[in-house]
Amino acid sequence: MKKTFFIADLHLSENRPHLTELFVQFMQTQALQAEKLYILGDLFDFWIGDDEQSALIETVQQQILQLSQKGIPCYFIHGNRDFLVGRHFANSCGMELLPTYQIVNLYGKKVLICHGDTLCTDDLAYQQYRKKVQQKWLQWLFLHLPLKVRLKIAEKIRQKSKTDKTHKSIEIMDVNKDFVEQIMQQFQVNILIHGHTHKQNIHQNPPHFTRIVLGDWGATASVLEVSANGFQFI
């Protein structure tokens, strides 16, 4: 039976090698059973430019490339941690970059997919930050800084993000349900798949909509399998 896999929020980094091991294991086993793989953001814990080189980046690049060479396409939507992943890296591993919101047809079902950070509209501070860092001129300026400087800036942003989370309520950092319904109506879909919140679940509100939230990776991998039979986490 044909199936499509969705993953997100792996937050791969040199500091957590077990996550890279999980990713390699997934790519060399389960991923080979899919006809398509979608990565909905935050594959990396941070990304400072396609010119950075490391053992981690090379491993990920090789795993995605090997999958695409086997005829299994891989699609990527930027997350809030790796929004600077560019075409150079994507092309090097045969991966296709998708826009913030993308409609896909999954076995007769029209589905909207996204990372999910744009759905958290109650987190005003984050949305203001996102608006700033999405400016092309600022991205261009950042990417032309020396690698060492970019690394320091990225580390400061990560630390600030951790600090900010301790002062925010769980509700503020979750999706705004009214905005979710608005987006789904705008794209004329009744199924949405996203990540970002790390709250793996399948929310069903028939006959209106189904919202599937991908989980983050920790001790185990979180993979959503979609087939003609429906949706399930494996």
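The backbone N, Cα and C atoms fix where each Cβ goes, and this holds for glycine too.
Long-range Cβ proximity for His11 (Mn(2+) 1 binding site), meaning a same-chain Cβ under 8 A and a gap of 6 or more residues, is found for Leu19, Asp42, Phe44, Asp45, Arg81, Asp216, Trp217. According to Swiss-Prot, the feature Mn(2+) 1 binding site maps to Asp9, His11, Asp42, His198.
Here Swiss-Prot flags Asp42, Asn80, His115, His196 as Mn(2+) 2 binding site. For His196 (Mn(2+) 2 binding site), the same-chain residues 6+ apart in sequence whose C-beta sits under 8 angstroms from its C-beta are Ala8, Asp9, Gly41, Asp42, Gly79, Asn80, His115, Gly116, Asp117, Leu119, Cys120.
Of all the Cβ atoms in the protein chains shown, 13 others lie within 10 Å of the Cβ of Lys165 (substrate binding site). Sequence annotations record features per position, and here Swiss-Prot assigns substrate binding site to Asn80, Arg81, Asp123, Ser161, Lys165, Lys168, His196.
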Exercise. Cα distance, His198 (Mn(2+) 1 binding site) to Ser161 (substrate binding site), nearest Å?
Worked result: 15
Exercise. So how many other Cβ atoms are close to His198 (Mn(2+) 1 binding site), meaning within 10 Å of its Cβ?
Worked result: 18
For this session: Fill in the CA-CA distance, Asp123 (substrate binding site) to His198 (Mn(2+) 1 binding site), as an integer in Å.
Result: 16
Problem set entry | Alpha-carbon spacing, Lys168 (substrate binding site) to His198 (Mn(2+) 1 binding site), which is rounded to whole Å | 16
Seminar exercise, completed: Sparsest Cβ environment (other Cβ within 10 Å) among binding-site residues Arg81, His115, Lys168 belongs to Lys168
